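Now, the feature entries from TrEMBL:
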BINDING   Asp8  Mg(2+) binding site
Amino acid sequence: MLTWVIYDIASNKTRNNIIKKCKNAGLYRVQKSVFLGDIESNKFDELKLELDSIIDKDNDSVYVFTMTKAELNKAGLLGQAFDKELVTDEIISKFF
């Protein structure tokens with residue numbers, strides 16, 4: 001399932017840990033605080049638990065949600081959809 005992780009993290013150490021966990025789960029960075037990828041449902045649940053365990057719930061926010069490929073194709077992308085230095089061709093091909 002296509003999975004988005006969008007975050008606003010106060011601590012550099014925690015932010016770097018979030019980035020590492022997203023990459024290890026098979027997600028690709030599409031913006032500085034946004035990851036997207038196609039992962040299995042058990043990996044989705046595992047990632048949510050891992051991220052929940054490392055954030056500061058009083059200062060940080062993390063959105064983790066899924067989207068179908070049909071919903072993604074309907075999404076409106078304005079301006080520069082992705083920073084091309086931060087994303088792989090695999091994700092770009094899902095949009096175009």
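Cβ atoms here come from the backbone N, Cα and C positions, even for glycine.
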10 Å Cβ neighbour count around the residue listed as 'Mg(2+) binding site'? 11
Reduce the DSSP letter at the residue listed as 'Mg(2+) binding site' to three states and note it down. strand
